[in-house]
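Student: The structure follows.
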């Protein structure tokens, strides 16, 4: 693609959509900082989530809280909170009136005191008599013990608005909050990635000095003792339609190389976090290698809409050391051929970690209208329970996803990744022996038919109730129409010239600090660097390929910094945060990903134009 780098002032004149986003973000921040001292703090409990949602003018039910705080949730960050507020819109007066009118069948405009008490204490999120009494004292009951619910709706909405306004007022009047707590949470790491104490490498120093010499840092035009304008840096990159970086060219001798392959999958959690399989690669001797990753098509899904095939994938290759605490980044897959990403080079003998990565730009929570829930089971003429054809096809897709070595059978190890994902438990050797007695196996591995029969037995145990089956399907990324929308299966291929490589899945979990550190390091190593502040302590690193742009903020100072990020001038772009304008708070001596950006429509030119400003 044609890539340009320019510097410009923070653009003036905001479109109404962007203005609305700015107001939305301000309200999010105000509500969050009404409960927490900093946006770097995480929500640690359901009670805190409920409280901070109330500060944002929401009145979440227990069902809503459970939707975002599942049994696997340990914490939610500020980004998660913003995403929840986008999903959970405040109730409108019409919606409230419709709810009351379902109770008021006579359309009198009133509800009796006793009737309201009965409803609130017996239905939905049941309230106590004390809680109901507290509401009644504030509500507008007339002498006859009737509630004018039209006035009550007005009271409810005004109270909600007062709550939001109070939060905004606190933010506006408290300089500590306004100046110091502007930002977002870091990605997968509350404190960002801590920087080493050692001096920057000579390569980085040369790059930094080169930028300074070209005037990329906005040095003040007046003495430093005078008030200075807000430091900012702008980056613009234009990428042509369908661009890719360097193509993977397989050598003629590749067919003579030895190959190892493994499947894996990205799964989208309820809170928006992405987890995946992690792998170890064993090389018995030094060899030239070609390592690739791409979304994998599933045979049974042919003819259907395969959303995951457009999801970006990457692999980070890390060298294992004795402690395994700080794996050394070797490289990552930046070569590209359509949906395949790869790396070519030479590695010495040893054990390497392969960490799959996706930006989250295309694997994200999307609300879709499901016209009709798919049927999973049915009964034949004899009353015997059976799986529907549609459900069987989905189960065969799932079988291919979890058959990591692709041999057409499920080992106990492969099956346990499935069990951990769907139930959180493992199947031990004794339970596996019971499976062997009841379901078809070959060489102590479960066959496709055995897997289908296992799910039929689960349905039979529940007398045809599909609830447990749906729990399994939803945890694997399927929606109620049996479409896989929140998962992305992938396949990794390793070609070695001089030896037989081995690859093995070792866990199924979030990338964590190791992946975050690898992503940041790759951007620092391969990207362009700009100095943001006048003291030379804050840097914006930008890595650009034909498919994505990733920016990393590096804070070498002793203080937390707040960076405002503005993407208003970008065209045909999506980012992993889902916000055009946002802010991030970067801890001292740390670095963090600011954002990942990709083309919204790959068939058209896209322009990444971002202004990072120091607040």
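Easy rule for this one: first residue shown is 1, then count along the chain.
Even glycines carry a Cβ here, placed using N, Cα and C.
A quick note: this is a predicted structure, and the numbers were derived from the prediction, not measured.
Features from TrEMBL:
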type	residues	note
DOMAIN	91-126	domain 'EF-hand'
DOMAIN	127-162	domain 'EF-hand'
COMPBIAS	181-192	compositional bias 'Polar residues'
REGION	181-238	region 'Disordered'
COMPBIAS	220-238	compositional bias 'Low complexity'
DOMAIN	390-425	domain 'EF-hand'
Student: So what's near the domain 'EF-hand' (91-126) in sequence-distant terms, Cβ-Cβ under 8 Å and 6+ beyond its ends?
Tutor: 59, 61-63, 132, 135-136, 141-142, 145-150, 152-154, 156-157
Student: Report, as numbers and ranges, which residues of the same chain sit near the domain 'EF-hand' (390-425): CB under 8 Å and 6 or more residues beyond its ends.
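Tutor: For the domain 'EF-hand' (390-425), the far contacts come to 71-72, 261-265, 267, 277, 298-301, 374-377, 432, 441-448, 451-452, 455, 469, 471-473, 475-476, 478, 482, 484, 487, 489, 505, 508.
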Student: By DSSP, how many residues in the domain 'EF-hand' (91-126) are helix, how many strand, and how many coil?
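Tutor: Its residues divide into 21 helix, 3 strand, 12 coil.
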